[in-house]
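Lifted from TrEMBL, the feature list:
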- 70-111: region 'Disordered' (REGION)
- GLU243: active site, proton donor (ACT_SITE)
- ASP376: active site (ACT_SITE)
- CYS445-CYS474: disulfide bond (DISULFID)
- GLU488: active site, proton donor (ACT_SITE)
- GLU583: active site (ACT_SITE)
- THR671: Ca(2+) binding site (BINDING)
- 715-796: region 'Disordered' (REGION)
- 725-736: compositional bias 'Low complexity' (COMPBIAS)
- 737-748: compositional bias 'Gly residues' (COMPBIAS)
- 764-789: compositional bias 'Basic and acidic residues' (COMPBIAS)
Amino acid sequence: MVHDADHPDYFVLDENGDRFLPNVKQVYAPLHPDEGDYRSPERLFSDFDEDMLAPPVTEPFPASRMREIVSDPPSEDESVGKSIPPGSFSLKWKGPRDWNKPGPGTKKMQWEGFTNGTEYETPEEIELRIARRNAVKRGFMYAWQKYKDYAWGHDEVKPVTRQVSDPFNGWGASIIDTLDTLLIMGLEEEYNHARPFVNQLNFHWVKGRDWSQGYISPESEKDSDGERWKISRDKTVGMQVFETGIRYLGGLLGAYDLSGDKLMLDRAVDLAKVLKRAFNTASGLPQGSRIDPGYEGAQQLFAVSIAEVGSMSLELIRLGHATGDRQWFDLAQRVTDFIDKHVAPRSKFPPLIPMRFSPDTDTPVAGTYSFGAMEDSYYEYLIKAYKLLGGGPLGEQYKRLYAKSIDAARKLLFTDITIMPDRDLFTIGKYENGQLNHEVEHLACFAGGMLGMGARLLDREADFWEGQKFTNTCFWLSQHMSMGVQPEVAHFYKEDDPELYINITSTGRRYHLPQREVIDDNNANHAKMYKDSGGTWRWRDDHSAVVEDSGRGVGLPISYYKHLNGSPPGLKKITPYYINRPETIESVFYMYRLTGDRKWQEKGWKMFGAWMENGMADAGISSIKDVTKPQGQAELGDNMESFIFAETFKYHYLLQSEPELISLDDYVLNTEAHTLIANQAFAPGASGLWTEARQALGERARGTDTQKWMRLKVLEPHRNRAAAGTPQRGRGPQGPRRGGMGMGGGGGDPKHKPQPPGAAFAKVKPEEDKPKPKPKADADKQKPVRPADTDPEDDS
């Protein structure tokens, strides 16, 4: 028998005669990677290099078929839109006089050792860092080439099935989101491949549906009444304002600031003119979710998300400064003023703002509070707007809102996680239904870097240590998973949870202590039991029979120990998927740039290796359905969002690069990691990452080849109806609304190409050879008669 009280085999006899082992320790993931526990950079994509990059796979749209997709706008009556009520905040608001006066500048952020002559890397460390950086670049190029091969011009490629996906307007989100990353990685030729696409992109077509005008057929195409068929502009496209702002507007501006390429600024202005319509509200807050861009009346807001309405300040401020046009700055500043004066004061925990609120009322605001989904980027943009404005009078408001928000969050959301022995864990949880949930949401993990940034800019030292602890916790959570990849959300047990601990036998089985009380409704553990069909009481968690007496009876005594509940231990519930999110590596990157501590590079490399090993697919880097599965058994989710190029690969690459590349003292990164100049001494293109080259860009805003094929496909059902003599319905949507209307939708067969008009039109003389018939009176106002066999719900 072992008598050493500190020995793991030392036991204490319990009242049932069983042996309780008080010294058995559970094994938890380390807070820092073990030395030598790293994948070799040479193992990752060793067979892929820059010479293997090829031009995108495209199918040019025939110029001879352009009349099949564009026309002069048909005459149609547009209903008069609503007006903003007189006396509304947005009508009374006046912008600051010196809107474009640079601030005095802000404090330096990056570790001073990077620039003061300190030898912060040995030759061996430099060699290893460069090898890792090159491996990140190879991984990026692999995924980028696969997108070009299978989905060029579409928003995304599905990396398992090689299908296309268009959840973000069908404008090639993966291209626009990647422009500045291409420049950062030195892939100038790839950037130039994308320039014609950017030039030709038509912001009026959303997945082939035209919100700006209708379409009328050529003279050669007539319906059953002998009239040219037509359709109205599509009022149902539902363009996503927030996503369009951070991905497309931010992507164009980031590319402009790195390159000085005026094409990017011109197209940013074109897009901003579309997005501006979302701000036509009584409060000045944008309709952040979806709008009909062709509707010129006032937008009416109901419950809105603070992230959606409060996270376009960086892009609009920067656009105002870059163009000298204050209308863009004013849109952003009016939003901030309304939130400051009319939303934050109504909050239960001011100036924190709950996940959703109604802007056009005076009622108190309450609900769910967090730094996660639907709230995150609002707080991020407060401190970054202060930096972008260079501090000063204009930046003071953002500084105040940020600092007071963090002070309030410290009281409401910040909490240590103390259930893990010898692990200094901390989280920014979610407050809902009157209590704080101890959870780590991957989206919220950006806040570690934000707290570090705010600490350096505003001399808030406590924020820095909490930011480090939270970043460490987010990293640790990835290591706590068997794959080494972080889940979407993890909920920790609280200290007072009666289910925090379970008993495990020395053979690894669950062990329930015998029950001394009668098993009925009054038993303290009644809720944890159930009676099976044979009348036996069983435990709900493992279905073992409940032992009701106090003695062991016959048989050997059981050795058992107390074990932290959950799988992995300590976690009560997990949302186990991973969609290539960047928030944790973002904070790891910030922590390295703020401290110069190489441990953050080690942590980032550990994350990168696990990500690549588990997410690699035939056509890119895939999402993973369940990161709790054993290593090497990943089930891929078949999705590769554009932020993998804009953010995740970019942060990994910058982490392993020289710190002067995109210095945090010179640039502010928007929530999609797009590079916006924050140093008044910098001019766009000062980075020297791009040299202008002569190249044919095509016609501005006439549509990319991909858009034109999508447009033809949208018009195909209308054309087929006319050819078959079926009446048209000009007031319905131009295309079907099945799929693709929300995040992750929009799949389809990329090989489907509508054919030229069929035989019903083939015998009609060309438009220029045929005399035009006399118009029928009020023909446009006649309603077509629907055949009996037509589906009344078919709006395609």
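From the backbone N, Cα and C atoms, a Cβ is placed for every residue, glycine too.
Inclusion criterion for the recorded positions GLU243, GLU583, THR671: a C-alpha placed within 10 angstroms of the C-alpha of CYS445 (disulfide bond); this criterion is met by GLU583. Straight-line distance linking the Cα atoms of GLU583 (active site) and THR671 (Ca(2+) binding site), rounded to a whole number, equals 10 Å.
Taking the active-site residues GLU488, GLU583 in turn and counting surrounding C-beta atoms within 10 angstroms, the largest count is reached at GLU583. Looking at THR671 (Ca(2+) binding site) and ASP376 (active site), their Cα atoms lie 9 Å from each other. Summarising the environment of ASP376 (active site), the number of other Cβ atoms within 10 Å of its Cβ, over all protein chains shown, is 23.
A gap of 14 Å separates the Cα atoms of ASP376 (active site) and GLU243 (active site, proton donor). Taking H, G and I as helix, E and B as strand and the rest as coil, DSSP gives the region 'Disordered' (70-111) the counts 4 helix, 0 strand, 38 coil. Reduced to three states, the DSSP call for THR671 (Ca(2+) binding site) is coil. Within the same chain, the residues at least 6 positions away from CYS474 (disulfide bond) whose Cβ sits under 8 Å from its Cβ are VAL440, HIS442, CYS445, GLY448, GLN486, GLU583, THR584, SER587, listed in sequence order. It is CYS445 that, of the recorded positions GLU243, CYS445, THR671, has its Cβ surrounded by the most other Cβ atoms within 10 Å.
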